[in-house]
Amino acid sequence: MWKDLFTKKKKYASIPSEKVRSEVPEGIMTKCPKCKKIMYTKELVKNLRVCMSCGYHHTMPSRERINSLLDEGSFHEYDADMVSVNPLQFPGYIEKLEEDRRKSNLNEAVITGEGTLNGYPIVIAVMDSAFRMGSMGSVVGEKITRAIEKARELHVPFLIFTASGGARMQEGVLSLMQMAKTSAALKLFSDEGGLIISVMTHPTTGGVSASFASLGDYNFAEPGALIGFAGRRVIQQTVREELPEDFQTAEFLLKHGQLDAVIHRHDLKDTLTTVLDIHQGGGGHGWWQS
């Protein structure tokens, strides 16, 4: 009996091999990809989605950006119901569009409209990478072109925020045509004295970077934004040279004269207001030359 007491094996509770799932609901917390700090999403949104620890600029949804810049209640959206079709009958394209509409609560990769920024009337276009990675298809090109034409009609500045992976491959050459179409609209607008302000956000690449994104009278960018046409690996294999670590970043482009300024998101509204102040002149729409 005494022998059994001392030789009896201890029993241990078994631990499940599966990872214990977090009880924190999805969306409550956000992890910064740069410094790895975990923060409340609500606090991050209040800080314009700029990391409170390292200053990393997280992706900002288009409607949040519009609300952060324009005067309250001043925004009127254009072409909200315009949606893409499948002109080339590309397999699975319609299903992907429907999935993105459901997930992003957007109809397309750009929102356009008019409003006032600290009292200045403007036409604005804001791209959103949550929808098809902000890719430019026929509808994106059409909405941006119509917005430019509206700014031309109203004699007000045109402000665009870009965030895109480039042309939308599912629409083939129809997508590539939007590069020429939007650029031509900007040329007409500029020739008549219209003010164009472009703000490139992460990422601005492909056909978007090679067309309307780079055609502003002022070309600004947010810190750390990836900006370029072809991918880093493609360029490296073509030139057969090691590229700088900061290649295709906003800071690299600024250093080489391709940007006018890299602007922290917290300073963006004040900077845009200053630009409008300068071009406004003595009152009215002083930015319109003709």
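Cβ coordinates are placed from backbone N, Cα and C, and glycine is handled just like the others.
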What range among 32-54, 147-169 does Swiss-Prot record as zinc finger? 32-54
Around Cys51 (Zn(2+) binding site), how many other CB atoms lie within 10 A of its CB? 19
Tell me the Cβ neighbour count for Cys54 (Zn(2+) binding site), meaning other Cβ atoms within 10 Å of its Cβ, over all protein chains shown. 11
What does DSSP give as the helix, strand and coil breakdown of the zinc finger (32-54)? 6 helix, 4 strand, 13 coil
Cβ neighbours within 10 Å, counted over all protein chains: which one of the binding-site residues Cys32, Cys35 has the most? Cys32
What is the set of residues, excluding Cys32, Cys35, Cys51, Cys54, whose C-beta falls within 8 angstroms of the centroid of the C-beta atoms at the Zn(2+) site? Pro33, Lys34, Lys36, Lys37, Met52, Ser53, Gly55, Tyr56
